[in-house]
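Participant: Sharing a structure with you now.
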Amino acid sequence: MSNETIKVVIAGPRGRMGQEAVKLAVRTPHFELVGAIDHTYDQQTLREVMSADSDALIYTDIRACFQETKPDVLIDLTTPEIGKKHTKAALEHGVRPVVGTTGFSEADLEELQALTEEKGIGAIIAPNFALGAVLMMKFSQMAANYFEDVEIIELHHDQKLDAPSGTALKTAEMISSVRTEKQQGHPDEKEILPGARGAELNGIRLHSVRLPGLIAHQEVMFGMDGQTLKLRHDSYNRASFMSGVKLSVEQVMKIDQLVYGLENIID
């Protein structure tokens, strides 16, 4: 990576992930934090609003932000619906989006891919920015070549709105790409309580836990006669996601297409 400065705007700077992203942008020598997008505090600085070490202005209008700050990259750490709008607006303005929200449908991704091709710029959407979680997904895909029986348990803080998590869904999709679809469990099993066996994707069972005290955790459990294999990743704080955010900001400057999943930009 060259030392050329990358101008960054952060959407959702006051959220827990957003606060970490602000710190990342401030402390990274070749990043320049030129603005932020929030639904309040228009034209106030990050220093005034959240005591950040930055005088970048907050904008409530994303288009005004792009026009005035001329960023290279948008880091979006908002919510699924807002993230979709921000991602499209960024591409329309020639800004490369790095998106940490989930909930994009196949139709959404196709539309965004067409926009990246039209504009000739890159975009990265990552269900999980923790490099360890991405490796867990890749290792799970490898293991699925040898273990056809698998279930996924994801555990998150109790303020998370979506279930199962984007990481769990992405893991199941990656496993499905190398595994012949198989109905998990006994063919005649019966749920005494509806939902007891979890959600299902391509025959893979997914289970979601929501509790205070958790951050982001996932275990992929494989079974075979006489043995089990467990692959687990734990994020103990949100700083764990910043290595992936940094990598994505750097890599999105080098690509001219939509990339979904951090596993597609690491060797």
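Backbone N, Cα and C define each Cβ position, glycine as well.
Features from Swiss-Prot:
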- Gly12, Pro13, Arg14, Gly15, Arg16, Met17, Gly100, Thr101, Thr102, Ala126, Pro127, Asn128, Phe129: NAD(+) binding site (BINDING)
- His156: active site, proton donor/acceptor (ACT_SITE)
- His157, Gly166, Thr167: (S)-2,3,4,5-tetrahydrodipicolinate binding site (BINDING)
- Lys160: active site, proton donor (ACT_SITE)
Participant: Quick one: of the recorded positions His157, Lys160, Gly166, Thr167, which has its CA closest to the CA of Gly12 (NAD(+) binding site)?
Facilitator: Lys160
Participant: Determine, for the (S)-2,3,4,5-tetrahydrodipicolinate site, the additional residues of the same chain whose CB lies within 8 Å of the mean position of the CB atoms of His157, Gly166, Thr167; present them in sequence order.
Facilitator: Thr102, Pro127, Asn128, Glu154, His156, Lys160, Asp162, Ser165, Ala168, Ala216, Gln218
Participant: Within 10 angstroms of the C-beta of Thr102 (NAD(+) binding site), what count of other C-beta atoms is obtained when all protein chains are considered?
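Facilitator: Looking across every protein chain shown, the total is 20.
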Participant: Provide the number of Cβ atoms within 10 Å of the Cβ of Gly166 ((S)-2,3,4,5-tetrahydrodipicolinate binding site), excluding the reference atom itself.
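Facilitator: The Cβ of Gly166 ((S)-2,3,4,5-tetrahydrodipicolinate binding site) has 20 Cβ neighbours within 10 Å.
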Participant: Report, in whole Å, the straight Cα-to-Cα distance of Pro127 (NAD(+) binding site) from Thr167 ((S)-2,3,4,5-tetrahydrodipicolinate binding site).
Facilitator: 5
Participant: List the same-chain residues at least 6 positions away in sequence whose Cβ sits under 8 Å from the Cβ of Phe129 (NAD(+) binding site), in sequence order, or say none.
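Facilitator: Listed in sequence order: Gly100, Phe241, Met242, Ser243, Gly244, Val245, Ser248, Leu262.
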